[in-house]
């Protein structure tokens, strides 16, 4: 359950207008955020991903590049995100019997956190997987009845103040 105070929302002015938070007076701090999510796929699609049998190419390698690129460009797609110096991105895929799980860990040293970057990496990485396998996932009507992105969230967020 969130413990934030609704009266303390920082992305709006007193008049309700959107604004970017001023982080200029905050000290540079080492920060890390980890996010993850799942993409449910048919068993036959999972087998093709494992066997590098998708015609578009290596699914996980392409998704890894997409996830990393998304992390680096988060500030361009989420209006109130600051452009932050990304110092590291780790992507980990776990191909299970019925899903691909993606975990993205992002590190920065700066004045604001990197959880939005981690989330952007997860969602884009999973979207890339979906794009790569969509021909295998479509049913006879061109729909995706069993394909779904789920469980996207921030797993951990860390801040290490300088000593």
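Glycine is no exception: its Cβ is also placed from the backbone N, Cα and C atoms.
Now, the feature entries from Swiss-Prot:
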{"type": "ACT_SITE", "residues": "131", "note": "active site"}
{"type": "BINDING", "residues": "80, 81, 82, 116, 117", "note": "substrate binding site"}
{"type": "REGION", "residues": "1-23", "note": "region 'Disordered'"}
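Where Swiss-Prot records a feature, it is marked here on the structure.
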residue: 80; record: substrate binding site; CB count, 10 Å: 13
residue: 81; record: substrate binding site; CB count, 10 Å: 18
residue: 82; record: substrate binding site; CB count, 10 Å: 16
residue: 116; record: substrate binding site; CB count, 10 Å: 22
residue: 117; record: substrate binding site; CB count, 10 Å: 26
residue: 131; record: active site; CB count, 10 Å: 14
In the three-state DSSP scheme, residue 80 (substrate binding site) belongs to coil
Same-chain, non-site residues whose Cβ lies within 8 A of the 80, 81, 82, 116, 117 Cβ center for substrate are 74, 75, 78, 84, 112
Whole-number Å value of the largest CA-CA distance among 80, 81, 82, 116, 117, listed as substrate-binding: 12
Length of the line joining the Cα atoms of residue 117 (substrate binding site) and the residue listed as 'active site', in Å: 21
Residue 131 (active site) to residue 116 (substrate binding site): how many Å between their Cα atoms? 22
